[in-house]
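TrEMBL has this to say about the protein:
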type: TRANSMEM; residues: 12-31; note: transmembrane segment
type: DOMAIN; residues: 71-261; note: domain 'ABC transmembrane type-1'
type: TRANSMEM; residues: 76-99; note: transmembrane segment
type: TRANSMEM; residues: 106-130; note: transmembrane segment
type: TRANSMEM; residues: 142-161; note: transmembrane segment
type: TRANSMEM; residues: 182-207; note: transmembrane segment
type: TRANSMEM; residues: 240-261; note: transmembrane segment
């Protein structure tokens with residue numbers, strides 16, 4: 001029994017290892033090409049470690065193609081999205097989890113129902129709303145929506161709050177704490193794993209968002225990194241080394257955020273399923 005268990009365990013590790021390697025190959029190719037001398041990226045056989053290593057591709061992308069400005073724009077939008085989404089979702093989820101009022105379950109179900117609507121359904125009406133208030137070619141359409149919360153974030157935090165004992169709320173209320181103090185002094189610290197999971201989801205979604213900036217932004221100086229990467233092909237005349245340098249620049253922040261918050265991300269996702 002133990003031998004068969006060991007064999008199955010080794011087989012599982014082998015499959016996972018091969019799968020991980022296959023997933024790493026595109027990233028390694030992208031990184032290698034970004035450090036390759038222009039004109040040498042298509043030589044055969046391909047080299048995993050380019051010789052010589054050319055860092056000038058990154059300098060050209062950051063300075064000449066204005067990726068530094070795109071990075072600052074993406075950072076601003078992502079941070080505002082992060083603050084707005086986490087704060088608004090936490091407040092709504094807290095209210096739905098601990099306040100008892102008529103229609104609470106109906107509101108929660110209606111909110112969940114919006115998750116079944118494809119974003120394409122509301123895209124055109126939303127565009128005309130922003131156009132009617134003169135908000136095109138500004139960051140308002142990309143930021144303000146986050147401060148109104150999101151169905152997924154509210155659901156995630158609501159499920160986590162439901163795993164926390166209601167007795168904490170009752171005890172704090174008896175001691176004279178108001179609902180706001182109970183929220184930020186007791187339940188927010190306890191919800192750190194779920195908040196971290198939502199923060200990672202929001203960061204990745206906002207940082208990689210390409211469609212909405214493409215719809216609302218026309219001024220090139222306001223472009224985000226994904227949008228700048230989309231138009232980079234025309235600017236550098238299909239020079240693959242610069243395109244790959246831009247792609248690496250775009251994905252590195254996402255990798256760092258996920259690796260930094262991986263522990264809390266997994267905890268948050270796991271604990272939201274403990275109690276319905």
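Each residue, glycine too, has its Cβ placed from N, Cα and C.
Please treat TrEMBL annotations as automatic predictions, because they have not gone through curation.
Because the structure is a prediction, the values reported are computed rather than measured.
In this chain, the transmembrane segment (182-207) lies close to the transmembrane segment (76-99): three or more C-beta pairs between them fall below 8 angstroms, excluding pairs fewer than 6 positions apart.
Most Cβ pairs under 8 Å to the transmembrane segment (142-161), among the stretches 12-31, 76-99, 106-130, belong to 76-99.
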